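Here's the structure, in C-alpha cells; my notes come after.
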C-alpha cells in the first residue's frame with residue numbers, strides 16, 4: 001500500500017452531498033482525495049472516475065482541454081447513478097506539475113502538440129502513476145468498478161494493480177475549437193478512445 005487514509009468530511013456540492021476522503025502518500029506526503037457518493041458497499045460494481053488534477057480546466061475553465069467538462073460530467077453521472085466514486089488524482093499536467101504544464105502550453109502555442117511539448121521538456125507523454133488510485137479504491141473497500149474513462153492505459157494499469165474493471169464507460173464531452181488538436185493527439189498518439 002503506497003498511501004494511507006487520513007481524514008474525511010461531508011462535502012455538499014451542486015450534485016448532492018459527497019463524503020470527501022483524504023489520502024496521503026507514505027513516501028512523499030503528497031495528498032489525494034476521493035469523493036464518495038451514496039453507499040458503495042456491496043457486490044455491485046461501483047461507477048467511478050479517476051480524474052487527474054487539472055487546475056486550468058477544473059478551476060479556471062480552460063478550453064484547451066476537456067478536463068473540466070469531464071469532471072462535471074462524471075459528478076453528474078455519479079449523482080444520477082445514486083452511488084459512485086470520483087478519485088481526484090493530484091498529479092497535475094499528467095504529473096509534470098503546473099509550471100511545466102504552462103511551459104508545455106507555451107510550446108503548444110508555437111505548434112507542438114501535447115505529446116511533443118512534453119518530450120521537449122524532457123518528460124514522457126504521460127508521467128502519471130495510476131497504481132496510487134488502485135490503492136485508494138482498495139482503502140475504500142472497492143475492488144470492482146465501472147470506470148468512466150477514455151484512456152485504455154488507465155484500465156490496463158488499474159487492472160494490473162488488482163482492480164476489476166467490469167466496464168469502461170466512455171466520457172466524451174467538451175470538444176471545442178480550442179482543444180480539437182489536443183484531443184486528436186490524445187487519440188492518435190496516446191490511444192485514447194474518443195469515438196466510442
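Please read every residue number as a count from 1 along the shown chain.
Using N, Cα and C of the backbone, Cβ positions are placed for all residues, glycine too.
The structure displayed is predicted, hence computed values, not measured ones.
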Given Swiss-Prot lists 49, 50, 51, 52, 53, 92, 93, 94, 114, 149, 154 for GTP, the same-site residue among 70, 120: 70
DSSP-derived structure type at residue 51 (GTP binding site), helix or strand or else coil: strand
Max CA-CA distance, Å, over listed GTP-binding residues 49, 50, 51, 52, 53, 70, 92, 93, 94, 114, 149, 154: 22
Nearest recorded site to residue 51 (GTP binding site) by CA-CA distance, among recorded positions 65, 67, 126, 128: 67
